[in-house]
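TrEMBL has this to say about the protein:
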COMPBIAS  A:1-20  compositional bias 'Basic and acidic residues'
REGION    A:1-29  region 'Disordered'
BINDING   A:96, A:99, A:100, A:154, A:237, A:242, A:253, A:254, A:255  Mo-molybdopterin binding site
DOMAIN    A:116-271  domain 'Oxidoreductase molybdopterin-binding'
């Protein structure tokens, strides 16, 4: 095709032909060549310009994307594991929403090297008998690490299956010894624009804050992950410590946690502050409550072309529906 | 012809897996952006000619408009593919969600413009009526920008840049028109 955005040298006449032309006289051949060159130039400019405009650099780590689907080595499935096919590691680590790194889904993987996860401390405070600041390695050494294969449903309408490695949040909370006033758990992510270039833009109110009701946090499904696919958690997936609450939309599962505070009042969470009509505090996966701009009835599992039906509480209704008895989940979305 | 290059790249990307983990979403976004950008470019032709005196913008205006329409249709088809060509779902989306309503209306408004893009249509409609009909492009591009604005989850920088460019292009037209009008009304007095 002649509309390739390279200098239009092939539209130039070859020197033999050029010698025949007498300068000054209108020549149909020269006219033709002139317009051909013009055509190629505009086509190149237009095509190239639009291409630059609409194509985001990055994408999946192209080398990694070629790696065959990674499956976890066989092990007995626990009571909360899904047996659905695990999302290939390359995709689970290259398609991420992590606005601290940037808005595009390819930004986190590209920028994650700027995040330094050691040394890393976690502050535990609020309505607890033992407030403390603890090193991440000490903290994760308190608990035997478990595998959990969880579905993850993003509020944007896509989903993955994530093989987390970590420990139940309940174990950590019990160790903190909540006082009788503790009703909620507030999580705070790292605030450091040097490591999180996305925080230089006031896209969201930084630092990112999320929260759970105490009974939700004590549910055995609520999980703190420090690893993925048997490896140390990559930066783009929320290293070194992140929450995984699989019955809620993905944005509830805060990444790169530096502080866990037990509170009496419901925390003001980042997305609920940013767009309260779109993202509520509870954010339970609910196919019956559409997002204002799209239906939540279906989702695309990453790696599949079609859509599948979204299940109430992301398929964990049997385990967690009881937490919301008597609540109007259309109001408390 | 050159404007079809992004489509070719899109197809090549899709075939080689370069569209990432969620190729349909990416293709939707890219075709949508192309539609809006081409519409804006087609609307930039007249102001550009007025400001610079160049004639080539006027000559490529129609091609840009038709390309915009083609990418708009492609954008819509990918949306339909995303919803497994379920027309009930689509109707529901169009009726219930202003974000989709705006985009769909913008595309519908472009249909008569594309159909009357031939010199014969200009002759049949008469230049005045044809021009008035093609002013629908202003509505379509505004709805397109609104659709983009509503479609973005956070950071509205890009949609606002489009909106600003569109506003500037409208402003040039208005400023150009008002002296002419003043002159015209002065003459009738």
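Glycine is no exception: its Cβ is also placed from the backbone N, Cα and C atoms.
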For this session: Counting Cβ neighbours within 10 Å across all chains shown, tell me which of the binding-site residues A:96, A:237, A:253 comes out on top.
Result: A:96
For this session: Rounding to the nearest whole angstrom, report the longest C-alpha distance spanning A:96, A:99, A:100, A:154, A:237, A:242, A:253, A:254, A:255, listed for Mo-molybdopterin.
Result: 17
Exercise. DSSP on residue A:237 (Mo-molybdopterin binding site), three-state: which is it?
Worked result: helix
Exercise. What number of additional C-beta atoms lies within 10 angstroms of the C-beta atom of residue A:100 (Mo-molybdopterin binding site)?
Worked result: 27
Exercise. Across the domain 'Oxidoreductase molybdopterin-binding' (A:116-271), what does the pLDDT come to on average, as a whole number?
Worked result: 97
For this session: Tally every other Cβ atom lying within 10 Å of the Cβ atom of residue A:255 (Mo-molybdopterin binding site).
Result: 28
